[in-house]
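**Student:** The transmembrane segment annotation in Swiss-Prot covers 4-24, 38-58, 68-88, 101-121, 137-157, 175-195, 207-227, 259-279, 290-310, 321-341.
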Amino acid sequence: MNNAIILGIIWHLVGAASAACFYAPFKQVKKWSWETMWSIGGLVSWLILPWTVSYLLLPDFWQYYGSFSIATLLPVFLFGAMWGIGNINYGLTMRYLGMSMGIGIAIGITLIIGTLMTPILQGRFDVLLGTPGGRMTLLGVFVALIGVAIVSYAGLLKERAMGIQAEEFNLKKGLILAVMCGIFSAGMSFAMDAAKPMHEAASALGINSLYVALPSYVIIMGGGAIINLSYCFIRLATLKNLSVKADFSVAKPLLITNILFSALAGLMWYLQFFFYAWGHAKIPQQYDYMSWMLHMSFYVLCGGIVGLLLKEWKCSTKKPVAVLCIGCLVIILAANIVGLGMAA
């Protein structure tokens, strides 16, 4: 395994760690509705940071985006909106299935679809099956899926041991939402593939290869922002128990800390895809679809580790933690298998 691939895997791990931790600042927000908190974090992560970073990177911000046709930008935007729908469904999936089952099904589906659909649609899947490296990377995807399933099972054991249940358990509704979440969340992977002309144009402007994907986030995350923010704003405007005015009428010190913690969560969310771009740049082009598999499997891995560090796994038996550790080791094994396959 060469140094570039190792670096790519490491950067994907860093991005996934940021994703696994981003909700922690939100837990410090007090006396605000979820919709207000999510909107403030979203404004930072989906609009302010992508636009600011791109403005600093590009020699001529408006000329860069103006150089692309609608036919190029629209799929990127729509796949971003597709991801936004998946993002909303994610929360509803947890509501009806609980964390462990919801994460296991939703992440498992988005890992498979986001990773394999691109080479299938591009007619590259037969080539992958016909090469040793391709077969090894596909084996890595399968092993990662097993790891996700094991970690999810550990979560189920933990929930049972601690007496935790889904907010409104509904298997039929939850499964439908989990499948929808898994499919739509893969939109981010499809958007990155559709944005390749934007990456190439950024590279032609002399932008470092680590940063060429970042300008495309203005369009990708713009699509996701419209879906997420519209959902929040509609709820804030129509539900009687929600009020932006009430949220912003809290004591000034609390208002400032709420804004800062929400903004920090937004920054951490953005950093997952900042480092995703770095990792993506180091992955061999013929295996670029593997970036999504690495990100999603590392997200589950880091989520488990963060849970251990925050002592969320303190329950009456040791079995859940033991199963969690096995699942994490399987995901690490999967990343190594994929890395060796890409280097073959």
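Any Cβ shown, glycine's included, is placed from N, Cα and C.
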**Student:** Restricting to the same chain and to residues at least six past its boundaries, which positions have a Cβ under 8 Å from a Cβ of the transmembrane segment (101-121)?
**Tutor:** 86, 89-90, 93-94, 128, 141, 144-145, 148-149, 151-153, 155-156, 166, 174-175, 178-179, 181-183, 185-186, 188-190, 193, 289-290, 292-293, 296-297, 299-300, 303
**Student:** Give residue numbers and ranges for long-range contacts of the transmembrane segment (259-279): same chain, 6 or more residues beyond its ends, CB-CB under 8 A.
**Tutor:** 7-12, 14-16, 18-19, 21-26, 28-29, 32, 37, 40-46, 48-50, 53, 188, 210-214, 217, 221, 291, 294-295
**Student:** What else in the chain is close to the transmembrane segment (321-341), if you only count residues 6 or more beyond its ends and a Cβ gap under 8 Å?
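**Tutor:** Contacts with the transmembrane segment (321-341): 1, 5-6, 9, 13, 132-141, 143-144, 146-155, 157-158, 287, 290, 293-294, 297-298, 300-301, 304-305, 307-308, 313.
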**Student:** May I ask whether the transmembrane segment (290-310) has at least three C-beta pairs under 8 Å with the transmembrane segment (38-58), counting pairs 6 or more apart in sequence?
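**Tutor:** No; fewer than 3 Cβ pairs under 8 Å.
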**Student:** Can the transmembrane segment (68-88) be said to touch the transmembrane segment (207-227) if we require at least 3 CB pairs below 8 Å and skip pairs under 6 apart in sequence?
**Tutor:** yes
